[in-house]
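Please read the structure below before turning to the comments.
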Ligand code: B12
């Protein structure tokens, strides 16, 4: 063998049979996340998740049989669910966009798919027009700018042009600082907007790009500025999308090394267990972005991914902690209840216990891609239509996870407050 063309490190690796330990650790972490995501397909209780499908399709390693079976479920169950929402006039921009991206990532012919008798891309364009009209009349989309961006990205990735009016509404929202989540800058939304506009820039270069360039520069600056000392961009759950956006916008992988390391630390700590969180992080760790689906060929793919061993059930210690739950409804009156709960139980289980044990506390949830979303407390509903939600905080700090994922590890006060956004 001629070693002349190999670098010093590569020669050493060949001679000793060792790989670069940093690179192989990175590959192992990716593989562990990939397997977790694959395992989530076994959950048949909820609707098939198009974001999970998208991430699996963007991966280097595949389990083609399981992915094909999941695609069948998307085309049957999710498809029907979206049709039913469309019939009821419920907004579905984000879900429809993720479905369109998942289909493209599987090289499915979109033109042959109809929703309630109309081509899927036509339905998505209609949703975008409704969103655009809503921005014109009420200065905000029906859903939010995250979903508005996702819709634009999905159309673009499928080669469909959006009108300049639709595009300019996003450009203006970026200029006017409208990308918010719980009152703060939403790194997730900025990232999605960046990917959508970058896709337009790459796919339709002949269109006037002056405003587009300015908006892209703003997004990039804000994403870079969102970097915390520990390398996260925003928080643990926005870093993956932010890295994807920066890579899509031309940043080098080396520019993102601190954020990549922050995500690796999170993987080791087990921060990403919610399939939705994994699905937004895994592509970034593999240096992929949602823009890659534009050119996916689905040919000669690796088929080596197998399910890992099932994670052992969590052993709940026989220990209780005191939990205070404060509810602040719209009229700002406040009530606080105290309940002993098992250490390590989820906030969802703690609230169920509170509801069971104390007569004047009730709550309801709605399913979402991230899990149960707290929608009704003591009979009072928080709605997208009146721009309110039940915000969650612990001892004054806003929770970065929902009721199912947040675990009660110590005595604390959880505040559930009806909040306008
Ligand atoms: C917009 C948004 C909101 C809006 C949603 C309403 C609206 N119309 O705008 C509002 C402000 C209400 C909101 C609230 C919260 N959010 Co939020 N939200 C988002 C955002 C930016 C986009 C969601 C979206 O539209 N997805 C697209 C559609 C297709 O998916 P979907 O699942 O159908 O969308 C619905 C659900 O996601 C639901 N939703 C929104 N946030 C959350 C959070 C949780 C935990 C759950 C279960 C559901 C949920 O509202 C969406 C619209 O109906 C995401 C960013 C992201 N990376 O996903 C964060 C995000 C999902 N939110 C997050 C968090 C932490 C929250 C809160 C828990 C904050 C808090 N401390 O109170 C609360 C939820 C509390 C509750 N009542 O259960 C985290 C979740 C991380 C995690 N590991 O769980 C994310 C990832 C942001 C982040 N990087 O921290 N959110």
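The backbone N, Cα and C atoms fix where each Cβ goes, glycine too.
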Cyanocob(III)alamin site partner of 143, 144, 145, 146, 147, 235, 280, 390, 391, 392, 399, 421 (as recorded in TrEMBL), chosen from 188, 202, 318, 349: 188
Lowest local Cβ density (other Cβ within 10 Å) among recorded positions: 156, 199, 392: 392
Of 143, 147, 235 (the binding-site residues), the residue whose Cβ has the fewest other Cβ atoms within 10 Å: 235
Alpha-carbon spacing, residue 421 (cyanocob(III)alamin binding site) to residue 156 (disulfide bond), which is rounded to whole Å: 29
Residues that sit under 8 angstroms from residue 145 (cyanocob(III)alamin binding site) by C-beta distance, when 6+ apart in the chain: 170, 173, 178, 179, 186, 189, 192, 193
Recorded positions near ligand 1 among 143, 199, 235 (Cβ under 6 Å): 143, 235
